[in-house]
Amino acid sequence: MSEQDERATYDIESTQAKWRKIWDESDPFTAHDDSAREKRYALTMFPYPSGDLHMGHAEVFALHDVVARYWWQRGYEVLNPMGFDSFGLPAENAAIKNDEHPATYTYGNIETSIQSCRNYALSFDWSRTFNTSDPEYYRWTQWLFLKFMERGLAYRKNSPVNWCPNDQTVLANEQVVDGHCERCGAEVTKRELTQWYFRITEYAEELLSDLDVLAPTWPDRVITAQRNWIGRSEGAHVDFAVDGRDEPMTVYTTRPDTIFGTTFMVVAVDSPLADELVTDAQRPAFEAYREETRKETEIERLSTDRPKTGVDLGVTATNPVTGDRIPVWATDYVLADYGTGAVMGVPGGDQRDWEFATEMGLTIIRTTQPPADFEGEAFHGEGPAINSPAPGVDSPLDINGLSVAEAKRATIAFLEEQGSGKGAINYRLRDWLLSRQRYWGAPIPVVHCPEHGEVPVPEDQLPVRLPELRGADLKPKGVSPLAAATDWVQTTCPTCGGPATRDTDTMDTFVDSSWYMFRYCSPDDETQAFDTDLVNQWMPCDIYIGGVEHAVLHLLYARFFTKVLADMGLVDFREPFSAQLNQGFVINRGKKMSKSLGNGVRLGDQLAEFGVDAVRLTLVFAGPPEDDIDWADMSPNGSLRFLQRAWRLSGDVTSAPGTDPAGGDVALRRATHRALHDAAELVELHRFNVMVAKIMELVNATRKAIDSDPGPGDPAVREAAEAVAIMLSLVAPYTAEEMWERLGHQPSVARAGWPAVDEALLVEESVTAVVQVQGKVKARLEVAPDVSDADLEAAALADPAVQRALDGKAVRKVIVRAPKLVNIVAG
RNA sequence: GCCGGGUUGGCGGAAUGGCAGACGCGGUGGUCUCAAACACCACUGUCCGAGAGGGCGUGUGGGUUCGAAUCCCACACCCGGCACCA
């Protein structure tokens, strides 16, 4: 090999320009609905168009593209679409700042992003692209809202809601993180507002139980996060009679076995029940307390170590098993929107109740026997029931001595028989608050008529288009900016034709993204949201790649939508994503990249310096896809060096295209087929970093073969170089095309097909058997792969190094695992 | 507090009951060069040894096994989810 060849490289700029042009003209990745090939749907979470692509996009798209390109090479018809989640606040804020329309910002960014994706050599089918802010798309978002309304799954209610004072809009529970707005970080407060909700709780049980089905192919952390979020608990509803009220008050408890320890009742201060129960005498104190608690921020309310507070409502309830008359209190430590908003106070068994009872001077009774060494206050562990009933107390129920589980069962059975309670299941999950007081979103397609109330906009009048507002009109004012568009708001009632007003809220952008994967199957359909047959043909998605930050938000909502669509008969599956993969973050020097830290790495700079292929390769090779990548630990230059090494192989091959590899060097042929076999398996397992290592090994083996014995003319060298080009096409499309061309082939290597693996070449000619003495390696033997146990044992015992290690000691036992290992136990 | 995941060279990571450290980064030495950079070649867990070779080694401590990074028990630490949800 000449010195010239050793240093030869290709020019990154011109090579990228050359192939981009060829790909743009040939469209090798258009998905055909009517293809006879087996179908695969590769989906990656579509981005919000916040500007140009950044390192995070570069990573997820590189990983995703490996899978999509692999499927094409394996002969599948692949649906690999991309679009933009283009409604949302940043566009609105940019519009206010620049006095323009949000669409200007949005659609400008989208165009930039598409060009960047094309340059980044992503195998997306751009013929199917759309944006959630397109009226042709949000028309169907609105249609789906109406369908949910028809089914009673979209409804309006007045309730205390999470309010972000910075964004001036309400937030879903899922968007409040540790009392702060998930988007802007402002402290969230509560407001009493009438808002639209989706009844996702109706599907709580199925959303939870189907996680078992998804668990094998979804990341553990997503499954766990969703399980925790749904938060199923088993317990009982128990009715307590209240003096002077016909209806009893019902509580939810997970510990019905502790009912004998109930010494008071606690009601959420902000619940309607508290307001109803309070006596006239206690009302002033109650209202003062309620006013006080309303001023608390979410942060204050969540701090668990502050003293318990409350007000006696002045009424008395009756314990159904003891007949004891106990006081009813209002407090802020009980949540209005969980369970029934009321709890039985069992200070002996619940630490919060213990603290409350201590604070208020209420009675404490233990109903579970703690262990002798127990030093805490309330005891909620395992132990026999005591004081249930207490000595001298007369009760029709006696659970003394029973274990917690037995006592629960016995208590529920008794309550059910008595008609004062029953077993119940509760969920932490709340209904999904979907209305937002912002402009740049899908308008809620409802008209408010003084006569007919909430009237759905007739389907043939969809879409309800956004009125043209810009600049200062969009400033947050605490009510939706749409309210300012008077002409738009004033309309007529679809039912009676009388004057009416439009709903001025827009939908949470998570509504837009809950069904976009369906739309890709028939993106241009003007008559329906999606074509059921096409959706059933392509979906569920065979893989869905995206950030773990959506573990409970988007992924839960999309699952919910799919189940509703299945119940509507529009799709014949109940889960949208068969497999899921979360990529990690790209960080720099151990910290998340951010402007304030000044540690940002600009994707554009990296691409300019090392080229698209080297950046993609670096991101894929860095480690397991779900781990974070510290860019400071990475070497895009090393990636570039490797790509050039691989590329040089194609220039050294001297045999003609189409040469039969059959007579080629067997050792290199084995390496080639082993690499093809392993790489395929590793892609299926999403172990892309190891797959890259296998390609590197083959490049090293091919280099050696060219430089030494078989030489550059050996047919096995061509076979190996072509295999490298094909495998590399998953990660480094430009280099792979360039190699393929230099090897004398027509484009595109991306659709060349994965070479068939010759099983015969996967069997090694000889393998290394390890000989251990007392479990320590003492010798290595080259043996035939089908060597018999007896032959291997004899060879091992005859080995001089083994004899030396045995040092004359008697052989007690020999374990033989032909052809890999012999372990000799001596002693 | 409850639930889930993790801890392997100087670094990113391989190896899921059978050769620990594949592959790469970094480092050291060399070749090329007037020189440097680039590129290429060799070595590179650690300790002892001139070498041959040997000892030690996968967070800690125990266990199972002929054999454990891998399985089991306990503990420590790190990351993530939930948390006044009764």
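Every residue number used here counts from 1 along the chain in the order it is shown.
In case you wondered, yes, glycine gets a Cβ from its N, Cα and C as well.
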Which listed span TrEMBL calls motif ''HIGH' region', if the choices are A:47-57, A:124-134, A:157-167, A:652-662: A:47-57
A:232-236, A:392-396, A:572-576, A:592-596 - the one TrEMBL records as motif ''KMSKS' region': A:592-596
Maximum Cβ pairs under 8 Å to the domain 'Aminoacyl-tRNA synthetase class Ia' (A:429-630) - stretch from the list A:19-225, A:227-410, A:668-787: A:19-225
Tertiary contacts of the motif ''HIGH' region' (A:47-57), as residues 6+ beyond its ends and Cβ separation under 8 Å: 84-86, 88, 90, 106, 109-110, 112-113, 116-117, 120, 131, 547, 585-586, 593, 601-604, 606, 631
Protein Cβ atoms within 10 Å of A:LYS595 (ATP binding site), excluding its own: 7
